Amino acid sequence: MAMSLKAQAAAAALKEVKPGMKLGIGSGSTVNELIRLLAKMVDDGFEIIGVPASSYSEALCKELGVPLTTLDEAPVLDLVIDGADEVDPQLNLIKGGGAALLREKIIAAASARMLVIADESKVVDTLGNYPLPVEVVPFGLEATRQMMQNSFDAEGLQGEMILRMLGEEPLVTDNGNYIFDCHLKVIRDPKSLAKRLEVIPGVVEHGLFIDMAVRAYVAGTDEIRVLEP
Ligand code: DER
């Protein structure tokens, strides 16, 4: 059976994984394909140790036998491979669709290199059509919302902020926080917006990954493209 686009992108990125590497493993459905392929390599004797970026990735790695450690045991990683919700030409990303953005960014920052794996639907000219996830502390939520709105206004951005729900309750991340999904449509200056969000006390982290990814493996219907900034 032909490999899915996500699996093809994952297989291409896995060529950069060398035996004995400490590998950051992101989160999401494309990363799940990576984990499945990685588990087959481990079954064939490939030596690797992974640090998962979400409880979902951790559970799948454990289920399939991918050896794991923690960032406390391995604070410097050789490589991280992760998905994205949007990828622009500079390889700036929007991430967080799966609510794992804080751990994903911590692991990406601890990794020497970050690779992105995605199908071609994620590639955009300008970030923002995908709602920007922002992880916030539950305390003072409405004050934080107002400060975020001020940041958007200062950037000339319009957009609704929607508290991400899980059923009837706000979704709680692996770190005990909430997420606002910000429907900004077009983010002309992601770096500037990132800086404005980072100074808001109630903002824990945002889903703009700026100047972090060094290569993206993008699976299209008839080819794998390798994008670099
Ligand atoms: O939530 C995340 O950051 C995921 O990596 C997301 O950006 C990609 O998820 P997908 O591979 O399921 O599309």
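Glycine is treated like the rest: Cβ placed from N, Cα and C.
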>> Using only what TrEMBL says about substrate binding by Ser27, Gly28, Ser29, Thr30, Asp82, Gly83, Ala84, Asp85, Lys95, Gly96, Gly97, Gly98, identify which of Lys62, Lys122, Lys185 is listed for that site too.
In response: Lys122
>> Near ligand 1, meaning Cβ under 6 Å from any of its atoms: which of the binding-site residues Ser27, Ser29, Gly97, Lys122 fit that description?
In response: Ser27, Ser29, Gly97
> Taking the Cα atoms as reference points, how far is Gly97 (substrate binding site) from Glu104 (active site, proton acceptor) in Å?
Replying inline: 12
> How many whole Å apart are the CA atoms of Glu104 (active site, proton acceptor) and Ser27 (substrate binding site)?
Replying inline: 7
>> Taking every protein chain in this structure into account, which of the binding-site residues Lys95, Lys122 has the most other Cβ atoms within 10 Å of its Cβ?
In response: Lys95
>> With the substrate site defined by the record as Ser27, Gly28, Ser29, Thr30, Asp82, Gly83, Ala84, Asp85, Lys95, Gly96, Gly97, Gly98, Lys122, how many Å span the farthest pair of C-alpha atoms?
In response: 15
> Which residues in the same chain, at least 6 apart in sequence, have a Cβ under 8 Å from the Cβ of Ser29 (substrate binding site)?
Replying inline: Lys6, Gly83
